[in-house]
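Taken from TrEMBL, the feature Zn(2+) binding site applies to 32, 37, 112, 117.
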């Protein structure tokens, strides 16, 4: 059984990663438009569809996917079935199972930025910030088995370059 502190640390981490990736995305958002990024991709081999509440996954533009993700993460983190309302209350028993999809979807934003907007990240002198944030995210996600190996595939060359 994990302690409240343990789950609280995962909650703090997901908030930190969420803020980092949204800030990084904000730096390139003017380059990530529905006309330039008509689907959420990570290179030519990976396309991500938006699925929610058991509905059929739908194809959306990268900026729309990112906005849907932003809203979904905020709603998820405000869900009192996931996060206790009051100090001392227990986290849900399936907390780790419920938090894992957030990490998986955040990874897709890193992958999209890396494959579609790395040139802009470099031109804006944000490459170091991207690498630090992405590497920390990947190390944390791998350490606690929050993302399966298949989900990491779109960033396999970047992960190899990080030597992690």
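Each Cβ is built from the backbone N, Cα and C atoms, and glycine gets one as well.
On a predicted model such as this, the values are computed, not experimentally measured, just so you know.
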Listed in sequence order, residues not in 32, 37, 112, 117 with Cβ within 8 Å of the centre of the Zn(2+) site Cβ atoms: 25, 28, 31, 36, 62, 63, 113, 116
Count of other CB atoms lying within 10 Å of the CB belonging to residue 32 (Zn(2+) binding site): 20
